[in-house]
Amino acid sequence: MKKIAVLTSGGDAPGMNAAVRAVVRYGVRQGLEVIGVRRGYSGLIDGDFVKLEYKDVAGITEKGGTILRTSRCEEFKTEEGRELAAKQIKKHGIEGLVVIGGEGSLTGAHLLYEEHKIPVVGIPATIDNDIGLTDMCIGVDTCLNTVMDAVQKLKDTASSHERAFIVEVMGRHSGYIALMAGLVTGAEAIIVPEIPVDYSQLADRILEERRRGKINSIIIVAEGAASAYTVARHLEYRIGYETRITILGHVQRGGSPTAFDRRLALSMGVEAVDALLDGEVDVMIALQGNKFVRVPIMEALSTKKTIDKKLYEIAHMLS
């Protein structure tokens, strides 16, 4: 193998740049030519390629986002789109592809291998942390720290005004960020997609806390469980006083990656190049315990990852 490519796809996650840097520098050290694909699968279809040298990735580890840029490509979801992408790969003599992204991106990588035998290796990067068979995905730790910092600041104003704040965080199918943020900030309630919410019970809990002298409440809700506005409407009707809403939105995707995310990304990038050189393809690099392992992409994607319900119970006990 002499020439490989790397792309970032889907929603950006802090640490993607660190992974790109590792793939490029380690690849070059192994005697490979490394090509960067701009704009994810859209760039793959369009042939938007750039050769990346050692110096081109200097100073990017600490930067959020992705220097390669990213996109969500509807055309790639079609067989025709993937065929165009495969033709570009073969036309440019690319012998292996590293895909950095979440569920949709990794599915696309698998399909490239299944349909066109393009050697692919996936690196899980999504703040939702909803990819199976890996303990952590790139970007999760940074996102969690961003949410924690925001909630701590909201607690200051919530206590000053004796209010209930509802904080909506990302997590369409997974409540991981909501759960962990709620646990480490001492939120009074956590609402996640995996566990149905009982609004009457939630209201009773907040009212009981008020009777005990607690003057403020923080409720953290994952976007996939309910919107903050829906939660506010249900609560205000039951508790009889106004709430305030904060939707953190895309700020959760940004920022300089934490030390943990940098180390995770760098290690996964190196392991991805090694996997290609070893001929072990259609796999995803996963963190299991303290070890980096290679697992079949579709096995990872078909393994449902849920929150730790015992931890959920503990979070409410400690609030």
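Just so you know, glycine gets a Cβ as well, placed from its N, Cα and C.
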For the substrate site that Swiss-Prot assigns to Thr126, Ile127, Asp128, Arg163, Met170, Gly171, Arg172, Glu223, His250, Val251, Gln252, Arg253, which of the candidates Arg244, Arg262 is also assigned? Arg244
Of the candidates Lys51, Lys77, Lys153, Lys155, which does Swiss-Prot annotate as part of the ADP site that also includes Arg21, Ala22, Val23, Val24, Arg25, Gly186, Ala187, Glu188, Arg212, Lys214, Ile215, Asn216? Lys155
Swiss-Prot records Arg72, Cys73, Gly102, Glu103, Gly104, Ser105 as ATP-binding residues. Which of Gly11, Gly15, Gly175 is assigned to the same site? Gly11
Other Cβ atoms within 10 Å is the metric here; tell me which of the binding-site residues Cys73, Val251 scores highest. Cys73
Compared by Cα position, which of the binding-site residues Gly104, Met170, Val251 is the closest one to Arg25 (ADP binding site)? Gly104
Going by DSSP, is Cys73 (ATP binding site) part of a helix, a strand, or coil? coil
Most Cβ neighbours within 10 Å: which of the binding-site residues Val23, Met170 is it? Val23
To the nearest whole angstrom, state the Cα distance for the pair Gly104 (ATP binding site) and Val23 (ADP binding site). 21
The rounded CA-CA distance in Å from Gly11 (ATP binding site) to Thr126 (substrate binding site) is 7
If you draw a 10 Å sphere around the Cβ of Arg172 (substrate binding site), how many other Cβ atoms fall inside it, taking every protein chain shown into account? 11
